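Structure first, then comments.
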Amino acid sequence: MSTMTPAEIVSELDKHIIGQAKAKKAVAVALRNRWRRQQVAEPLRQEITPKNILMIGPTGVGKTEIARRLAKLADAPFIKIEATKFTEVGYVGRDVDSIVRDLIEISVKQTRETEMRKVRSKATDLAEDRILDVLLPQPRAVGFGASAEHANDDNNATRQTFRKRLREGQLDDKEIELDIEQPAVGMDIMAPPGMEEMTEQIRSMFSNLGSGKKQRRKVKIKEALKLLTDEEAAKMLNDEEVKTKAVQNVEQNGIVFLDEIDKITSRNHEGGGGEVSRQGVQRDLLPLVEGTTINTKYGMVKTDHILFIASGAFHLAKPSDLIPELQGRFPIRVELDSLSVKDFEAILVATDASLVKQYQALLATEDVKLEFADDGIRRLAEIAYAVNEKTENIGARRLYTVIEKLLEEVSFAAGNHAGQSVTIDSAYVDHALGEVSKDEDLSRYVL
C-alpha cells in the first residue's frame, strides 16, 4: 500500500498528465484515505467505505490515464472496463460479476510476481547449482583420506571459477541438456457470453493435467538460468498463501475504472428494450458498487472497500440520467477541462515520457538527431487544436495523428539521414501539415 501524501501523489501524476488539478486532487485524497483507513482501529475501520469518484469530461483529456497512473502508484490491483460491454442478467453478453473475477486474476498474478521477487535471489543460487551440476558432474569418490579431500578441494575451486564465469555471462551461449518441468496444460474453452463461471470450473478441472512432468530440453545457459530460476522460485511459493494475499489485496486495495458510464444512461423517458437493458446494467452494477460478495475460483471476494472510479463524456446524457441509487454511490464528482493550445504544448514536451522525447529516442537508434524548435512545437499544438475544433474533438490523442503525419518522411527515410540533424520548426510543420490542416475535408480523413 502507498504511504504517499496527497501532495506527493499529485506531484507524481504531474510528471505524466498535464492540467486537470481538480481530478488529481480527488484521486490523491481517495488513495490517501485508503492508508488512513488502515490506521483506524476495528470495528470502526470496517464502517469506513471508499468515496467513489465520477469523472466528467470529453475524450482524450486524461481520465483513463489518471486512474491508470494512480493504480501504478498504489501498486494495487487495477482493471479498466467499458460499461457498454456488460448486459443485464438474462441478456446475451457479460454480466457485471466478471469484473471482480477479472480483478482477482490480475491480483493473483501481481501477488505471485511480488512473492517470486522476494525469493528470486535464493532461487537464482539454486538454479546456478543445477547448471553447475550439469557442467561439472560430481566425481565419484575414489579412496579415502588426504587424496579424496584434495580432489574435493580442486572440484570446489573449479566450481567457484565456473560460477564466476556464469555470473559474468561468459557461458551464456553454451548449450546444455536439462530436465525442465512442464507447465500445466492450458485449455482454451470458447463459451457463450455470460457463462464464464462454468468455463472457469471446467478449466480448473483440467488445470493440473501434465503438471509435474519433466521434459529433457537442449537450451542455451542464459535461457536455462531463467527457466530454472522461475521453476525454483515457484517451488518456494505457497499457492494457498498467494491466493489468500491476492483476495485480501483486492478487497482492501482494488481499483475498478468504469469507462463510458454515460453510454448506459437512459436518454429518454419513453422506455423501450434498449432503455430497459441499459437500466438493467445500472441495477446490476449497484450491489457491486455498494458492497456485495462475489464467488470466484479463489474464494469469496467482498467488494465493500474496492474503489470505483467511473468516467464518461456525458455529451448526450447528464449524470442525473443515471438511476438515483447509482448516482448516490459516486459522491465525488470531478469535471475535467478541455485541453487548450498551451496544454498541447506542455503534453508535447513537459511530461516525463513526452511524445517529443519518444520520437527523438526512436530516431536516435538510427543515428538521426531530431530537434524541435519552440515555434515548431507551438505550431504543432495550434494545428492539433484547430483540427479538434473543426472536426471531432478527440483531445490529446489528436497529437499522435498529427506528429505521425509530420514525421512520416523522416521516419521512412531515416537510413538516408544517418549522422544528420533534422530541425522541426514552424516552417517545417507548415510545409508538412499546412495544406492538410487547412482543408477541412482532407483533415477529417488524414488527421
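Keep in mind that glycine also has a Cβ here, set from the backbone N, Cα and C atoms.
For the ATP site, Swiss-Prot records I18, G60, V61, G62, K63, T64, E65, E325, R397, and the single candidate of D133, D230, D239, D259 listed with them is D259. Contacts of E65 (ATP binding site) defined by a Cβ separation under 8 A and a same-chain sequence distance of 6+ are given as H16, I17, in order along the sequence. Sorted by the number of other CB atoms within 10 A, the binding-site residues I18, V61 start with I18, the lowest. Other Cβ atoms within 10 Å of the Cβ of E325 (ATP binding site), summed over all protein chains shown, number 14.
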